Amino acid sequence: MRSDNQSIWEDPPKDFILLGVSDRPWLELPLFVVLLVSYVLAMWGNVSIILVSRLDPQLHSPMYIFLSHLSFLDLCYTTTTVPQMLVNMGSSSKTISYSGCTVQYAIFHWLGCTECIVLAAMALDRYVAICEPLRYTIIMHRPLCQQLVAVAWLSGFGNSLVQVVLTVQLPFCGRQVLNNFFCEVPAMIKLSCTDTAVNDTTLAVLVAFFVLVPLALILLSYGFIARAVLRIQSSKGRHKAFGTCSSHLVVVSLFYLPAIYMYLQPPSRYSQEQGKFISLFYSIITPTLNPFIYTLRNKDVKGALRRLLARIWRFCIR
């Protein structure tokens, strides 16, 4: 085992082959179009959310601080994976360099864990807004929001660092073919030709912590929110309270359900064929939908977008 680890440091693989849908060539062109359109929409939607959250004075509340970070995460998600996928689908070469692959899964896992904590912080914000409305500005002050965001980014980085250190030591024998659209730690572990018990256990423990603990906090927050909302006598008041949380709940579902399926199953049951399409879903579809979910359900964001577009229009016609 030791000699294997030493050999990987001395002579790592030059590149990996990302199969994608090479076994279904008829899918490449439609999928290329879908990815390209989704990427443009994701860029436009998330950049718009970030701009209005920063530029519009009415959106300088804690909720939109977290929302702007969520949009930035989604922006980085798509940029980390989609350009490489588009290049591979548009050419006969399906390769990615070893260093490029390492950077890709390092950033991807960093962003994923960070998003788990940001979503939990957003649930806390909604809990305070609905259950403690009179103390909202006192509890959810700007320094606290900045500290929560910093904890999210630093925790995600720590998890990614551990995963990278363990994964780069794995020896890869024979033809380095990943049955995926991009590099992910589970797929890399599956490809290794050595005992990966330590990697499997570490991945399971860290992912369980970063997925299940924030998810438990989210569910607990919404349990208290549901109890508080049901006590509201006015049906209009209940509808308004649920409306402020529905967007976040949809985003949480879109993010957590694929992540739970992907990472919280035994390694022996991990299917690269299923995993690559689930990875495709939460790496491009979810980041594309998130800004539209918040925009379509949120009057403040729609109003801020209209004001921003009006300012841009006035600037252009001068």
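Every residue gets a Cβ built from N, Cα and C, even glycine.
Record features (TrEMBL):
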type	residues	note
DOMAIN	45-294	domain 'G-protein coupled receptors family 1 profile'
TRANSMEM	29-52	transmembrane segment
TRANSMEM	64-87	transmembrane segment
TRANSMEM	107-128	transmembrane segment
TRANSMEM	148-172	transmembrane segment
TRANSMEM	204-230	transmembrane segment
TRANSMEM	242-264	transmembrane segment
TRANSMEM	276-296	transmembrane segment
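Counting same-chain residues at least six beyond the ends of the transmembrane segment (148-172), those with a Cβ under 8 angstroms from any Cβ of the stretch are 4-5, 7-9, 12-13, 65-66, 69, 102, 105-107, 109-118, 121, 124, 185, 188-189, 191-194, 196, 198-199, 202-203, 206, 210. If you take every residue in the domain 'G-protein coupled receptors family 1 profile' (45-294) and average the pLDDT, you get 83. Outside the transmembrane segment (107-128) by six or more residues, the chain places 62-63, 66-67, 69-70, 73-74, 76-77, 80-81, 135-136, 139-140, 145, 148-149, 151-153, 155-157, 159-160, 163, 182-185, 210-211, 214-215, 217-218, 221-222, 224-225, 244-245, 248, 251-252, 255-256, 259, 283 with a CB less than 8 A from a CB of the stretch.
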